[in-house]
Amino acid sequence: MGIGNSQPNSQEAQLCTLPEKAEQPTDDNTCQQNNVVPATVSEPDQASPAIQDAETQVESIVDKRKNKKGKTEYLVRWKGYDSEDDTWEPEQHLVNCEEYIHDFNRRHNERQKEGSLARASRASPSNARKQISRSTHSTLSKTNSKALVVGKDHESKSSQLLAASQKFRKNPAPSLANRKNMDLAKSGIKILVPKSPVKGRTSVDGFQGESPEKLDPVDQGAEDTVAPEVTAEKPTGALLGPGAERARMGSRPRIHPLVPQVSGPVTAAMATGLAVNGKGTSPFMDALAANGTVTIQTSVTGVTAGKRKFIDDRRDQPFDKRLRFSVRQTESAYRYRDIVVRKQDGFTHILLSTKSSENNSLNPEVMKEVQSALSTAAADDSKLVLLSAVGSVFCCGLDFIYFIRRLTDDRKRESTKMADAIRNFVNTFIQFKKPIIVAVNGPAIGLGASILPLCDVVWANEKAWFQTPYTTFGQSPDGCSTVMFPKIMGGASANEMLFSGRKLTAQEACGKGLVSQVFWPGTFTQEVMVRIKELASCNPVVLEESKALVRCNMKMELEQANERECEVLKKIWGSAQGMDSMLKYLQRKIDEF
């Protein structure tokens, strides 16, 4: 690209000079190729006759920039020339090329919008509000392109708008306090934030809990932080408010810590000494009545870590914290305290995530919530139910801490209440007409393992294991295990599990028929969801009738077995020997802890 060797004698000759490789035109239909207007031009703001006819020679506008004086220049692609001959032309030289300028500005804005959408799709939840500044910048750029009019006065206005846009883009993101005061409706950003079911609870580090000293990682997140799956969920069915749902399941809002801590250590004499006092209770029961309970690892040997820890111990595990937070935030149809219910396409997903007990153990409150969720799933359009758990433990059976705490008042009455709760809980599984699929992600102990044969399909993680150490607990079997275990694995293996508490690995449980299939831990969730969606695509009538045919001869037998087991449990728990065995078990847990 070069300039002719002869010096032009007029302004018109200078503006119409073409590249050397092209033949010198005889008319004045071309524009200059120099990057700047020659110094010999006396009136730079007045376009020459050749430039006024430049529309017939301009092919397209390729780019634009600001020169040192702050004026806009456009990179022009000339007809009949390639990209090497593109020239930067001042805006005032393109008076008759407004169509090309508007077309370039339109394409430029579309590219900016596409880039913003691509960045927004890759952004994390914490970066959602950064789209506010991008959206505002895009709005200013759009206004700038519309306000661009050829002329000196309009050029100065466009320069001011572009400068303001660049200044806004360079500013750092607003602080968290300022973000909350911004009007998101004006910026075009729509953020769906689910509200917490319990109001008036404090928020520390983005989580709501009972107190800053012991903060539960599973509690609801702050309302200004949203997981990516929130906008993807579409709630179906009737939405129940916090008060109505709480009244329906018989629970009350939790304001104070549920489990007070004993200030001093619990000695062996407190647990083993069963000499009753004037009230008919042991010193250990007096301590429980006075202080509430003690911090005890409630799972059997083999569960090395509970699902809940102090938040300081979880600082180095951000992924697990996000997972728990995400599960709590994406519940779409119903809200509970100890479980999470998600209404999916064709099925209902129930996750154990207990707040009132350790390691997803079962107490009457948890059982009532599971029964309520199953009743709702039985009445809506769900084809099946998926039962799983949050954390590394599936279920640790009965919550003995909850039970012993209430035995101090009236042993016989509390034993009856606990037995009735188990009876109703197990009968709900027996009488449920739709298929129940269980995804066992970790250890299943006691009642958590006994209910598995009452379900239809059981998929297990490779790391899961199964144990029913009823003699260690000081109680008799429950959950219809006295009938279903011998049917599934034979009398010898069933007795070994029920009497001596043999622990089965996932592969052993699959070989004995307790588990349908075992998956690798890394792909467990994906494998389960693929198969669940396949089942959910089937005809619901076929699924329900198929289960009825399989279970028709067992329903009455299971209900009678459940009744017998609960009567025996009531008898054992109401006796002094039963309480003695339970206290010894808890003492061993204290020593192990």
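Glycine is treated like the rest: Cβ placed from N, Cα and C.
Positions annotated as compositional bias 'Polar residues' by Swiss-Prot: 1-14 (among others).
Positions annotated as compositional bias 'Low complexity' by Swiss-Prot: 117-129.
Look at Swiss-Prot and you will find 133-146 (among others) tagged as compositional bias 'Polar residues'.
Taken through DSSP, the domain 'Chromo' (56-116) splits into 29 helix, 20 strand, 12 coil. If you look up Swiss-Prot, you'll see 56-116 marked as domain 'Chromo'.
The phosphoserine annotation in Swiss-Prot covers Ser83 (among others). Residues within less than 8 Å, Cβ to Cβ, of Ser83 (phosphoserine) and separated from it by at least 6 positions along the same chain comprise Val62, Arg77.
Taken from Swiss-Prot, the feature N6-methyllysine applies to Lys130, supported by similarity to another entry.
Taken from Swiss-Prot, the feature N6,N6-dimethyllysine applies to Lys130.
Marked as N6,N6,N6-trimethyllysine by Swiss-Prot on the basis of similarity to another entry: Lys130.
The annotation phosphoserine is assigned in Swiss-Prot to Ser165 (among others) on the grounds of similarity to another entry.
Sequence annotations record features per position, and here Swiss-Prot assigns phosphoserine to Ser196 (among others) based on similarity to another entry.
Among the features that Swiss-Prot reports, phosphoserine is placed at Ser211 (among others).
Swiss-Prot lists 1-30 (among others) with the feature region 'Disordered'.
The region 'Interaction with EZH2' annotation in Swiss-Prot covers 56-304 and is backed by similarity to another entry.
Positions annotated as region 'Disordered' by Swiss-Prot: 110-158 (among others).
According to Swiss-Prot, the feature region 'Disordered' maps to 200-223 (among others).
Averaged across the region 'Interaction with EZH2' (56-304), the predicted model reaches a pLDDT of 53.
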